[in-house]
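Q: Dropping the structure in here first, questions after.
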């Protein structure tokens with residue numbers, strides 16, 4: 001099916017998912033929408049995140065996407081079920097793939113999850129994990145300092161290490177913990193300091209790779225893979241500055257962005 | 001949904017998939033059927049493999065399975081599409097998950113595939129790989145000596161190494177090859193000698209783990225995970241000797257088999 005895959009995120013974090021989709025599904029084309037101007041979603045109440053997410057989805061549905069990826073953990077936690085009920089196309093979130101990957105690698109069955117305040121308070125990860133396997137000990141922790149670091153493009157600064165170390169302190173006492181889920185699509189950019197702080201005995205699970213594999217599985221299972229010889233160009237949209245978005249995207253993705261546009265979704269709902 | 005997952009294989013090889021299903025989906029129960037008496041399927045013609053596979057499927061459908069896993073590459077290559085057309089439950093083969101995993105790890109885009117004569121001649125792997133990504137170089141190789149080694153329980157003998165080394169010789173010239181798919185569910189038992197012969201720069205992909213993750217994804221996506229507090233016991237059936245099957249199974253699986261039965265499917269079709 002020669003239609004694009006839609007990807008939404010609160011900002012640039014979902015680009016870690018987009019990169020894996022491009023790598024694992026090179027015949028497919030993407031339409032990415034990052035709500036940069038209202039980012040971060042993490043500290044916002046459920047109702048607001050739901051409203052914003054549905055606005056993004058409406059924009060993508062007009063572009064005739066064949067499958068929707070919610071590449072934002074907070075939006076997944078709050079809206080996945082609602083979207084699945086309301087949309088006729090498949091909807092894939094980032095939480096279940098991350099949970100599944102963690103279950104497949106843990107030996108000790110003690111799993112850590114870090115994410116935004118919204119994601120952690122929603123308890124979406126413990127629910128997804130226990131839904132699949134009841135026999136798990138889960139330590140979850142909100143790290144609200146991490147997203148701003150990444151969106152400000154400061155994730156490789158030396159100061160980033162201190163922020164990460166301070167943020168992860170509460171997890172360091174759990175010596176049986178052998179798997180840590182990065183429950184926010186921004187966090188893979190902080191992979192190096194997170195691995196360093198946690199130690200090499202802890203396997204870091206990034207939902208981007210896992211989500212891309214599940215998208216591939218669902219498209220294939222539903223016989224919706226692109227069968228034509230050529231794929232359309234990927235298109236990127238941001239509610240924020242096109243210049244900043246492009247700058248970050250060109251550094252994160254393995255290929256330069258060819259089509260990028262600034263759009264307005266609904267400024268009246270912007271409470272900043 | 002409190003119904004079992006059905007797993008079929010030509011013999012004991014599919015136990016590598018069953019083990020991963022048990023590990024990754026501990027709330028689910030399995031019904032496994034190994035057609036040991038007619039194993040191996042690899043050198044048999046397509047019509048015969050199809051007949052045998054449908055006989056196994058009929059047996060499992062009577063047990064009211066909710067999803068079918070074809071844990072045999074030869075049977076997947078020959079019957080997956082046919083089964084999907086004819087069954088109302090989801091049918092998952094082992095080829096697509098292995099292909100997807102290989103695409104997600106290769107850097108050089110040069111991938112090796114080893115399997116039975118039937119699987120290799122069917123070209124099912126190159127097709128599945130190119131279906132997802134056109135830009136790949138694929139080297140496939142039939143290794144008909146490997147399955148008998150495993151079914152005879154001689155996979156850890158020293159002689160096994162020589163058989164593996166001889167079998168893999170044709171692949172060793174491809175220096176850019178960085179990923180090798182074990183396109184037969186028996187081969188993970190030979191993981192150690194295969195890794196040694198190929199070298200540590202080659203990532204070995206075993207379809208068991210990948211298939212289990214896709215089963216988890218599809219069950220979850222279709223809202224078919226077991227929601228009840230308890231799962232039924234796993235049940236194992238073999239068309240061959242229960243004693244030999246149990247002996248191998250108890251060594252491969254992380255838990256002892258509680259229910260095992262010898263059954264007859266259709267001896268008239270047995271041409272041995």
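Glycine is no exception: its Cβ is also placed from the backbone N, Cα and C atoms.
Annotations in TrEMBL come from automatic prediction, not curation.
As the structure is a computational prediction, the values presented were derived from the model and not from experiment.
Dumping what TrEMBL says about this protein:
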{"type": "BINDING", "residues": "B:9, B:10, B:41, B:42, B:73, B:74, B:185, B:186", "note": "substrate binding site"}
{"type": "ACT_SITE", "residues": "B:72", "note": "active site, proton donor/acceptor"}
{"type": "ACT_SITE", "residues": "B:184", "note": "active site, proton donor/acceptor"}
Q: In angstrom units, rounded to an integer, how far apart are the Cα atoms of residue B:72 (active site, proton donor/acceptor) and residue B:186 (substrate binding site)?
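A: Cα to Cα, residue B:72 (active site, proton donor/acceptor) and residue B:186 (substrate binding site) are separated by 9 Å.
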Q: Who sits close to residue B:185 (substrate binding site): which same-chain residues at least 6 apart have their Cβ under 8 Å from its Cβ?
A: B:9, B:13, B:14, B:15, B:16, B:17, B:71, B:72, B:73, B:94, B:207, B:208
Q: At the Cα level, what's the spacing in Å between residue B:10 (substrate binding site) and residue B:184 (active site, proton donor/acceptor), rounded?
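A: Residue B:10 (substrate binding site) to residue B:184 (active site, proton donor/acceptor), Cα-Cα distance: 11 Å.
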Q: With H, G and I counted as helix, E and B as strand and the rest as coil, say where DSSP puts residue B:184 (active site, proton donor/acceptor).
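A: SS state of residue B:184 (active site, proton donor/acceptor) = coil.
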Q: For residue B:184 (active site, proton donor/acceptor), what is the tally of other C-beta atoms lying within 10 angstroms of its C-beta?
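A: Looking across every protein chain shown, the total is 33.
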Q: Non-local Cβ contacts of residue B:41 (substrate binding site) (under 8 Å, 6 or more apart, same chain)?
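A: B:10, B:35, B:49, B:52, B:72, B:74, B:75, B:116, B:118 - these are the non-local Cβ neighbours of residue B:41 (substrate binding site), listed in sequence order.
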Q: Within its own chain, what residues at least 6 apart in sequence put their Cβ under 8 Å from the Cβ of residue B:42 (substrate binding site), listed in sequence order?
A: B:10, B:74, B:115, B:116, B:117, B:118, B:119, B:144, B:147, B:184
Q: Quick check: which same-chain residues outside B:9, B:10, B:41, B:42, B:73, B:74, B:185, B:186 lie with their CB within 8 A of the centre of the substrate site CB atoms?
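A: Nearby residues not in the site list: B:11, B:13, B:14, B:39, B:40, B:72, B:75, B:116, B:119, B:147, B:184.
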Q: Taking the Cβ of residue B:74 (substrate binding site) as the centre, how many other Cβ atoms fall within a 10 Å radius?
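A: Taking every protein chain into account, the count is 33.
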Q: Enter the number of other CB atoms within 10 angstroms of the CB of residue B:9 (substrate binding site).
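A: Here the count is 30.
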